[in-house]
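According to TrEMBL:
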- B:4-282: domain 'FAD/NAD(P)-binding' (DOMAIN)
- B:316-383: domain 'NADH-rubredoxin oxidoreductase C-terminal' (DOMAIN)
- B:420-467: domain 'BFD-like [2Fe-2S]-binding' (DOMAIN)
- B:482-531: domain 'BFD-like [2Fe-2S]-binding' (DOMAIN)
- B:558-620: domain 'Nitrite/Sulfite reductase ferredoxin-like' (DOMAIN)
- B:631-764: domain 'Nitrite/sulphite reductase 4Fe-4S' (DOMAIN)
Amino acid sequence: MQNWIKITELENIPLMGARVIKYEDLEIAIFKTKDGSIYAINNICPHRQGKLSDGLVHEKVVTCPLHNTDVDMISGESIGEEYECTKTYELKIENSLVYLNLK
Amino acid sequence: MKEKLIVVGNGMSGLRVIEDLLEINKDKYDITIFGEEPYVNYNRIMLSYILSQEKTFEDTIINHESWYTQNNITLHKGDKVISIDKLNKTVTSQNGKVENYDKLLIATGSKPFIPQTVGSNLNNVIAFRNKADVDTIIKTIDKSKTAVVVGGGLLGLEAAYGIAMHGVKTILVHRSGSILSQQLDSTGGKLLQENLEKYGIEFKLNTTIKQINGISDVEEVEFSDGSSVESNIVVFATGIIPNKDLAIEAKLDTKKGIIVDDFMATSDKSIFAVGECVEHKGNTYGLVAPLYEQGKVLAKKLADVEVDGYSGSTLSTRLKISGVDLFSAGDYLGDETTEELILLDEKVGIYKKLVIYDNKIIGIVLYGDTADASWYLKLLKEHTDISDLRTKILFGKSALSGDSGHGGDDVNSMSDDEEVCGCNGVCKGDVVNAIKDKDLKSLSDVKSCTKAGASCGSCLGLVEQILVNTLGDEYNAVEEGICDCCDVGHKEIKECINENEFSDVYEVFEKLNWKTNDGCIKCRPAINYYLLVKYNDDKYKNDKRSALVNDRNYANIQKDGTYSVVPRIWGGLTSPQELKDIADIAVKYDVPTVKFTGGQRLDMLGVKKEQLAPMWKDLNDCGFVSGQAYAKGLRTVKTCVGSQWCRFGTQDSMAMGVKLEKLTWGSWTPHKYKIAVSGCPRNCAEATIKDFGVVAVDSGWEIHIAGNGGIKVRVTDLLCKVETDEELIEYTKAFMQFYREDAYYLERTAHWLERVGLEYVKKIMLDTQKREYYVLRFEESQKSAQVDPWAKAIEDGFTKEFSPIVIKPEESVSFEAKEIN
């Protein structure tokens, strides 16, 4: 079962930065990396619940702003530490609009 | 044909034997290691730093997978050896592996002792022994308001400190009347307790746990004094027991631990044992230095090199809590036959006690100032007659030579057999010889080769001094990379940036052969800073995406992800109207906490990110600009009331403070930068622990530099005295710019000065021409720097990102995507 929602225009996601999407109780960060790819992951770091959207983006990784835990945006895994995975979401772009699958 | 060596245990003592053995003869054995934990070899001593979040697990790894591979060692992680067949010389593991050995080394360490108490079988009643314990503690205290730690020994205190650092109320229960009673006398214990209480740890002494209540998890703890507390976790740090299970199963001789001889051989001469699991001449050891001493002997024995047997160890210990200096060794209590030399300054928090017998030191307690620990320990170990030193000995080694010094150990006066690293039993001579013999050039080389500084890290400064002294001019030739992304250090990066033209951080990465495309949290902010300093804000646009979160969002991120907002209060002076404006804004945004900072400003804490921009706008409208309380830049200029109001004030410190703040705010510095101006030598603005401290005297101003009131307090050094305000302003400009350009990113003035030396700074600052050069460069840089970052962020539209995009459920759509990104 897929549950696509329309988010925003692609240009509203800052390069090497993030926008936060709030949907009911969910808070999801949409990141855009240097090559223009976008990734959606739960905004909460699995280590100490820092907001990943405030983290430093490098390649496909975001570093949590609270304690520098690195989280892989593709898999949601924390790198070098054994914390639980962060949930990741599927994204699609059509006509410069970003859609997010909440499944 | 190589012999087969099997090591049972992948911990610190067993692996140290292997490291030493490989150094002596790397071809003698085929080595296989079994480890019960699912990790490579890590530094158990540093678990407390992981708990207090001062280090990550990665920082504690001693040998990575690559080390095992490079040395052809087979490692079975997460596989415990469960039996030994002495007759056929085989071991069997839990996963069913059966391996032959010619020599077997048992290094199974110890097990935590958890006393049987009602409820001690509940979930979250744990020890503080391995990484899994630390993970459980961190996970559980997230949901707990109170934690209980049992045991006031080294481990218990470190556990309590680590938990308290998470903002959790921590109760430490200890059965005797004084903490650290195995290492400290009651005076030292009292001073330490007072210090730890400042971190929010509550002590229940002469108390034990009566019972732990709960259904499956811990819910409540009852104490022997009749009180109780709601808690979700109980951490036991009540001692360790040598882990001799395997030896018992194999019918080796055991008592308290596995019995070994002076060459660490067990009752079976093909089987050796080392570490916390062994008993040597009736003694068991739970500190790392003795285990490494045993390891050195065993490595030589295994390599068939002649060696004197192990004869036992003198125990000494340091507490691994940031900001708490504590050292003890030997018989620190003494008895009716011994004398005590004591220096006690409770106000400053310094306590030194030497226990003397027959004019020789037999026990040491140092609290608050441990700089001379290795010297006292040497006197103790060598049974030196101290009759001639007696009147000055408590004032330290420098007092004997007449050099009052300014902190730090004088490595030149250390003898080769003086201990540098207590954790690993490394002496100065070992370090010097390794540097010379193996051509070591960097601190990391010295750490990995000698192990000095590789455990708790408290001696790293000393190790570096030895490296600097041994290499002389060569020292700067090789620098460590600033992170894993590169092989170049700050010095080389700065030189490269100064010699070339770059327009962004990526061009620097390319020029210096970065291993990653985007760098990381360590290197990208550093490169961004160096570019900013070179070009100033008007020629190089600050790359927000490369800045640390506080510098990027112009507010201080807090533990819950909210922010704190601090408007600038020039020189600490405000007015009723300004206070009213700040109060109105705090009410408008429902700010949960408003606090006066140590720097005489008002801090609004608990502000949501989306509130930042409108709050800044309101503050701007009332005439406030950002206080840069988050910045690697000028934070604050603290002042006393000075000659305007104070009966003793000799100069107008308030006016000067405002002037200096208006002069210096806005530009970026390597780290935060604080100034204070005191109106008289009573120094009420505490100028002598600031980066730049100004103290008024009758004849003008004293200028003090490189102070720090942080974890390790550093009192400033006097740079010079000046007679006029104009001269003071000139030095203010010149020093700040010199620091901006000369220090490494994230290097406080205190660390910078200790690295480059006071003479170097004086040489530049007291030279009129050089000072003028830096004044001019400062003035140039300030032209583009003094822009309020709050107003600029709103103007640039950067704050749009601060607002979340809120999607309502009814906006969900069915969608069939055609393009996949």
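Glycine is treated like the rest: Cβ placed from N, Cα and C.
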Most Cβ pairs under 8 Å with the domain 'NADH-rubredoxin oxidoreductase C-terminal' (B:316-383), selected from B:4-282, B:420-467, B:482-531, B:631-764: B:4-282
Confidence summary for the domain 'NADH-rubredoxin oxidoreductase C-terminal' (B:316-383), mean pLDDT rounded: 82
Stretch among B:4-282, B:482-531, B:631-764 sharing the most Cβ pairs under 8 Å with the domain 'Nitrite/Sulfite reductase ferredoxin-like' (B:558-620): B:631-764
Contact check, the domain 'BFD-like [2Fe-2S]-binding' (B:482-531) vs the domain 'FAD/NAD(P)-binding' (B:4-282), 3+ Cβ pairs under 8 Å, seq sep 6+: no
